[in-house]
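A short write-up of the structure that comes next.
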């Protein structure tokens, strides 16, 4: 919300989900973190748009642990909606999001505009329209997840993009392996995008873990975040045919340099080394299964 307010990227919808924070973080943390968010948003968006264009939007997206994400609304504005867009999170998070959608016309109107057919179904823990579904489920139990998604008209024959941003790291390695295995075995044509920590065994990584633990935040799956190779290996061992992983410094170097220059002018950063270390401790991984040779 803060990054959008100072101009790192445009998102007219996040204001309806997240209140503006009053305090500012220390400049070096602020600038480094914001540039990392900027690289994450653009890197993930690049892969999502590539998938949508390759499938000509004849596909579905399943956003796992979606939280207050606004991607559905932004894709609608760009006329890039897939056949169906699913969001999954804990029932408590989903209830909060549904409340926001119901009470804010700029959020509810696009859902109504894209809806066709029978009346829209909505209760305290789920929302189902013809193009957008919000499902309350625990990702650690894939049979329950599948049952709920199918109830909301998940089509296992459609090319499917699954997105998980800082989600798998909060599960045990076995739980995330089960989720990845379920996805790989359920959809014949699919892509999985995962954004999370990497290189966590060095000193900088250990400090990150300690800081999170002090805030009662346990990274149950951090052992899979040892390296880019361990990230790719997890995907390949759980049924995905091809896997790639790059750290966020590499992502940052791939972004349009004119825009990178623009965002670097937004706030002064003299802690270049700290910024680079932070970027080297997050990554984007993507994997695919492609029986149709897309």
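Cβ from N, Cα, C; glycine included.
Every protein chain shown contributes to the tally, and the Cβ of residue 165 (S-adenosyl-L-methionine binding site) ends up with 19 other Cβ atoms within 10 Å. Summarising the annotation, TrEMBL assigns S-adenosyl-L-methionine binding site to 40, 65, 138, 139, 165.
Of the listed binding-site residues 65, 138, 139, the Cβ environment within 10 Å is emptiest of other Cβ atoms at 138. In this record, S-adenosyl-L-methionine is bound by 40, 65, 138, 139, 165; the longest C-alpha to C-alpha distance in that set is 24 Å.
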